[in-house]
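See structure below.
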Amino acid sequence: MSRPLIARIHPAALQNNLAVARRHAGDARIMAVIKANGYGHGLRRAARALWDADGFAVMSLEEAGHLRDLGWDKPILLLEGMFDVAELAACEAQRVTLVVHHAEQIAMLEQAHPVSPFPVFLKLNSGMNRLGFKPQDFHASLARLTACVNVSEITLMSHFATADGAAGVSGQLEIIQAVFSDLDHPVSLANSAALLRYRATRRDWVRPGIMLYGASPFAGENAHALDLQPAMTLSSRIIAVQTLASGEALGYGASYIADRPMRVGVVACGYADGYPRHAGTGTPILVNGQRTRTLGRVSMDMLCADLTDIPGAGVGALVVLWGEGLPVEAVAAAAGTISYELLCAVAQRVPMSEGT
Ligand SMILES: *Cc1c(COP(=O)(O)O)cnc(C)c1O
């Protein structure tokens, strides 16, 4: 038998979550975000399950190429656009839609000689201050793109910094509405959090990511309550059991000391598999379907689970690190991070398979 750690991807969950996005989107078209290898679920696997989307958003041309190889004929949005003029030939070959977010990219488009013009998403920086043109520069940029023979349809886009939090979208939305008000172009604003919470952000295209993978974008609201199903279950097994007397230490740094007689299960999963090393004692974990806690430091290939109250669990017992029965958000919170990072970080050495 091989090492028992495996990431199972659930296509039915991806499909369910797309349907939830569709319900919230109404008439808006869905640009399913599958960057970062489909948030760690595998680009092709995610794409096949989300095939009913109206477009896919990726970060690299390589990802776009994989989608075209699969036979994807609908739009592919390149979220950071092109990085230099030389890349435009490959962009044309993959028929990508370019995000244009700074003046140099407009100059590249003006200098290029494509056979057919590019559809573009022109990005407004409405307050996130990462990518996009400032409100005062937006109209001039749009005028340049409109005049450029190498540009076809222009969609207006912006991105929210705090759609998942208390600040919400109102501040940015006010700026967006002011800048876009007299413009007659399609508009794309909403990420998952905005799509789920703010109807006013659902315009012509929405851009859900994390919700498609079954995780909640909100700190206080669980995915189940949003009708979302986890698309990845990371599971393993107990490979050894230790009995500790009160006062005995466990693992590297001897950071955990048993405060009573304990049974400890050693799980085949560690930080080299993508499990967060910052997840301290008390991180939730399922053994034989029962919720318990991790103990001590996560090491490279192993971590420990408290079996004291699960007497039936021995070597070979099934462990769920996250997924069905244990939201990845709960593990992320215990590790001081977000679900996105854990999903994207599942290591190459972890076998991935499709299944229910
Ligand atoms: C990643 C990304 C999204 C998706 O965000 P989620 O929070 O995962 O829904 C949407 N738009 C842009 C520009 C992105 O980079």
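Yeah, the Cβs are placed from backbone N, Cα and C, and that goes for glycine too.
As annotated by TrEMBL, active site, proton acceptor applies to LYS35 (among others). For LYS35 (active site, proton acceptor), applying a Cβ distance below 8 Å and a minimum sequence separation of six or more within one chain yields ALA57, VAL58, MET59, GLU63, LEU79, GLY209.
Among the features that TrEMBL reports, N6-(pyridoxal phosphate)lysine is placed at LYS35. DSSP assigns LYS35 (active site, proton acceptor) to a helical segment in the three-state reduction.
As annotated by TrEMBL, substrate binding site applies to ARG130, MET300. Sequence-distant neighbours of MET300 (substrate binding site) (same chain, six or more apart, CB under 8 Å from its CB) are GLY270, TYR271, ALA272, listed in sequence order.
For 231-355, the entry in TrEMBL reads domain 'Alanine racemase C-terminal'.
Its Cβ taken as reference, TYR252 (active site, proton acceptor) is surrounded by 12 other Cβ atoms within 10 Å in the chains shown. For TYR252 (among others), the entry in TrEMBL reads active site, proton acceptor.
Across the residues of the domain 'Alanine racemase C-terminal' (231-355), the predicted structure has a mean pLDDT of 97.
If you draw a 10 Å sphere around the CB of ARG130 (substrate binding site), it holds 10 other CB atoms from the protein chains shown. Following the DSSP three-state reduction, the secondary structure of TYR252 (active site, proton acceptor) is helix.
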